[in-house]
Amino acid sequence: LALNPWDVALCVSGTIISCENAIVVVVIFYTPAFRAPMFLLIGSLATADLLAGLGLILHFAFIYFAPSEAVSLLTVGLLVTSFTASVCSLLTITIDRYLSLYNALTYYSERTVTRTYIMLILTWGASICYGLLPVMGWNCLKEPPACSVVRPLTKNHLIILSVSFFMVFAVMLQLYVQICKIVCRHAHQIAVQRHFLASSHYVTTRKGIATLAIILGTFASCWLPFAVYCLLGDYTYPALYTYVTLLPATYNSMINPVIYAFRNQEIQKVLWAVCCGCFSSTLPFRSHSPSDV
């Protein structure tokens, strides 16, 4: 096949995604202190994004070096599983942050750990089920008119994935609105109790809102174009449209480590320690509560 520049761009994106998230996975896996629910959820997100990056690389390799319909189903299934797990992991992190603020007194309990494992099981269980559909026969290899804008996924399969995305996004939006209200209320209470100036309260509130806007804005700008196109597009549409909307979606997995892992002060400490050659799994940590909202 003639080399498609868009496939090269997806492969390069997958390579960057894999490198970034591999660092996060290794740091969390080899640091015993990172066993709190927050880090388990960040680790789940990084694992999903790592698999997505590897899936993009494998998809490129098999298309140009070992083309096969069976292998294509496996790589597409891997991509569906990993990207679904990535989006669902973002939802679980949002839920965890909301509950850590809403139920602050009971957050540090066994119930939180149990709830975290349940969310992880549901996340990966649903993602694997979605990813197995093409392999189990829900594909359009024998019926091209049934294909979606992402071959060999069927139109119905892609509609289900897109609708699921919009549901996840709606829940995340609602939860972050509630988080914003709680943060603003807490900032106001602290300002009143400590007799802070109104400007201090304003700065704190603005910082929290800005952080939430970055999180939601990044997620929406990366995934919404592709999700909308999956609903409206047809197999007769040029492949260029799929590439133009899919490539930005992969950027979300590239940005996730920066937003959810590298901004975390505890992970930063370990990374700096590794860079300085003085790594220790018993490094002191400030807390095990969710990072900045």
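Backbone N, Cα and C define each Cβ position, glycine as well.
As the structure is a computational prediction, the values presented were derived from the model and not from experiment.
As annotated by TrEMBL, domain 'G-protein coupled receptors family 1 profile' applies to 20-260. The transmembrane segment annotation in TrEMBL covers 6-31, 38-65, 71-95, 116-138, 158-177, 209-228, 240-262.
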Do the transmembrane segment (158-177) and the transmembrane segment (71-95) share at least 3 Cβ pairs under 8 Å, sequence separation 6 or more?
yes
May I ask which of the stretches 6-31, 38-65, 71-95, 116-138, 209-228 has the most CB pairs under 8 A with the transmembrane segment (240-262)?
6-31
Do any residues of this chain, six or more beyond the ends of the transmembrane segment (209-228), have a C-beta under 8 angstroms from a C-beta of it, and if so which?
87, 90, 162, 165-166, 169, 172-173, 176, 179-180, 184, 245-246, 248-249, 251-252, 255, 259, 292-293
Non-local residues, at least 6 beyond the ends, that sit with Cβ under 8 Å of the transmembrane segment (38-65):
1, 3, 7-8, 10-11, 13-22, 24-25, 28-29, 71-72, 75-76, 78-79, 81-83, 85-86, 89-90, 92-93, 96, 100, 116-117, 119-120, 123-124, 127, 250, 253, 256-257, 260-261, 264, 266-267, 288-291
Restricting to the same chain and to residues at least six past its boundaries, which positions have a Cβ under 8 Å from a Cβ of the transmembrane segment (116-138)?
37, 40-41, 44, 48, 73-74, 76-82, 84-85, 88-89, 91-92, 95-96, 152-154, 156-157, 160-161
